[in-house]
Amino acid sequence: KAGVGFKAGVKDYRLTYYTPDYETKDTDILAAFRVTPQPGVPAEEAGAAVAAESSTGTWTTVWTDGLTSLDRYKGRCYHIEAVVGEENQFIAYVAYPLDLFEEGSVTNMFTSIVGNVFGFKALRALRLEDLRIPPSYSKTFQGPPHGIQVERDKLNKYGRPLLGCTIKPKLGLSAKNYGRAVYECLRGGLDFTKDDENVNSQPFMRWRDRFVFCAEAIYKAQAETGEIKGHYLNATAGTCEEMIKRAVFARELGAPIVMHDYLTGGFTANTSLAHYCRDNGLLLHIHRAMHAVIDRQKNHGMHFRVLAKALRMSGGDHIHAGTVVGKLEGEREMTLGFVDLLRDDFIEKDRSRGIFFTQDWVSMPGVIPVASGGIHVWHMPALTEIFGDDSVLQFGGGTLGHPWGNAPGAVANRVALEACVQARNEGRDLAREGNEIIREAAKWSPELAAACEVWK
């Protein structure tokens with residue numbers, strides 16, 4: 001009797017998982033995969049294989065399939081289109097029923113969608129380009145601990161981008177000298193300074209010493225400037241328990257913000273830290289160390305916009321998002337695409353910016369994008385125009401490399417930023433008149449003039 005209706009053996013995935021007539025539901029999680037099949041494998045079979053292996057399928061028919069409703073739980077490849085200008089490359093759209101995923105777990109979502117299928121031998125390469133997260137799923141996540149508006153209110157800073165600086169050299173300084181550099185940068189006019197992503201708790205500088213000296217620097221700079229200051233204290237550690245212990249100590253010192261390396265630390269650790277930060281009034285800065293391992297290849301891995309969406313769900317108030325400046329125009333559009341996905345409530349589908357699906361975040365708070373890496377005062381007009389007010393512009397070498405020292409480097413950046421914001425508010429075109437605006441400001445700021453000379 002057990003054998004009735006059950007036929008053992010291997011059958012093509014497309015017979016079950018390729019359903020071009022399927023109408024997607026509002027509750028489905030939708031994925032866009034860039035699929036490069038092996039020679040001789042049809043696109044439909046490759047797309048169906050991805051849907052199967054990332055949902056209910058396995059390599060052969062099993063009789064326990066009859067004990068559940070595959071129609072209810074299977075992923076479906078519902079549309080395939082060829083990639084223009086690429087030979088044997090396709091975008092496969094897959095719909096996943098919501099019941100396949102644990103609520104509030106980015107870890108489980110990724111384990112399902114990208115956990116197993118990337119090593120599949122029918123595929124030469126596979127890249128997850130985008131995900132549509134339905135409100136019915138995103139609502140199961142807390143999201144960013146505080147979000148953009150709450151951060152502005154905490155800092156009492158409005159109407160301009162925030163300024164940051166990564167302390168260099170990133171490894172080798174003692175805690176006392178590290179704290180001194182933090183103080184000089186904040187005293188000069190920056191809003192934030194930052195631990196580098198690989199500063200955790202090494203023999204030359206243990207975390208507790210660093211936290212204490214940085215807190216002292218923050219309070220001293222606040223007292224002298226009358227502005228609220230912060231330093232991203234990197235709480236990333238070898239265990240979740242140790243990470244939370246460091247965050248607790250940061251809170252006890254009265255620090256306003258901590259930091260986490262969310263890809264090396266992992267999504268489970270990140271979500272735990274985000275929950276702690278919301279409950280205890282700490283802002284959370286996120287560094288994306290290791291992202292290029294996942295997102296750099298154009299035909300394999302995962303696009304950063306997917307990692308950015310996952311971070312917004314898992315929780316973070318800031319995340320690094322590249323700089324755009326000096327890159328290709330196309331990359332600018334792609335970067336601004338995922339910057340919008342981080343900040344806005346509702347983002348329309350726009351393939352020219354790499355956005356494959358309309359994304360509705362409903363009321364989930366936004367994340368502030370951080371522009372960092374190789375930027376200096378001459379880039380300030382472009383950065384102000386491209387990223388707008390809700391951003392952090394981070395100048396590491398562009399502050400600490402100033403010929404007169406750290407504090408004058410900070411002054412130069414603050415003067416350049418204030419000049420750009422004022423010019424923008426007066427209706428001037430930053431893209432066209434940027435260099436002229438910086439030159440005018442440099443006439444009455446010797447610190448800015450010196451910086452302009454070094455990086456001209």
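Cβ from N, Cα, C; glycine included.
These features come from Swiss-Prot:
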type     : residues                                       : note
ACT_SITE : LYS168                                         : active site, proton acceptor
ACT_SITE : HIS287                                         : active site, proton acceptor
BINDING  : ASN116, THR166, LYS170, ARG288, HIS320, SER372 : substrate binding site
BINDING  : LYS194, ASP196, GLU197                         : Mg(2+) binding site
MOD_RES  : LYS7                                           : N6,N6,N6-trimethyllysine
MOD_RES  : LYS194                                         : N6-carboxylysine
SITE     : LYS327                                         : site 'Transition state stabilizer'
LYS168 (active site, proton acceptor) and ASN116 (substrate binding site), compared by Cα position, are separated in whole Å by 39
Here the 10 Å Cβ neighbour count for HIS287 (active site, proton acceptor) comes out at 28
Between the C-alpha atoms of ASN116 (substrate binding site) and ASP196 (Mg(2+) binding site), the distance in angstrom, to the nearest integer, is 32
Quick note, ASP196 (Mg(2+) binding site): same-chain residues at least 6 apart with CB under 8 Å of its CB -> THR166, ILE167, LYS168, LYS170, LEU171, ASN234
Least crowded of the recorded positions LYS7, LYS168, LYS170, LYS194, ARG288, counting other Cβ atoms within 10 Å of each Cβ, is LYS7
Sequence-ordered list of residues in the chain of HIS320 (substrate binding site) that lie 6 or more positions away and have a Cβ within less than 8 Å of its Cβ, or none, is ILE286, HIS287, ARG288, PRO369, VAL370, SER372
Binding-site residues considered: ASN116, SER372; fewest surrounding Cβ atoms within 10 Å belongs to ASN116
Apart from the site residues LYS194, ASP196, GLU197, the 8 Å Cβ neighbourhood of the Mg(2+) centroid comprises THR166, ILE167, LYS170, ASP195, ASN198, VAL199, TYR232, ASN234, MET259, HIS287
Three-class DSSP assignment, LYS194 (Mg(2+) binding site), comes back as strand
With neighbours defined as other CB atoms within 10 A, the best-packed of the binding-site residues THR166, GLU197 is THR166
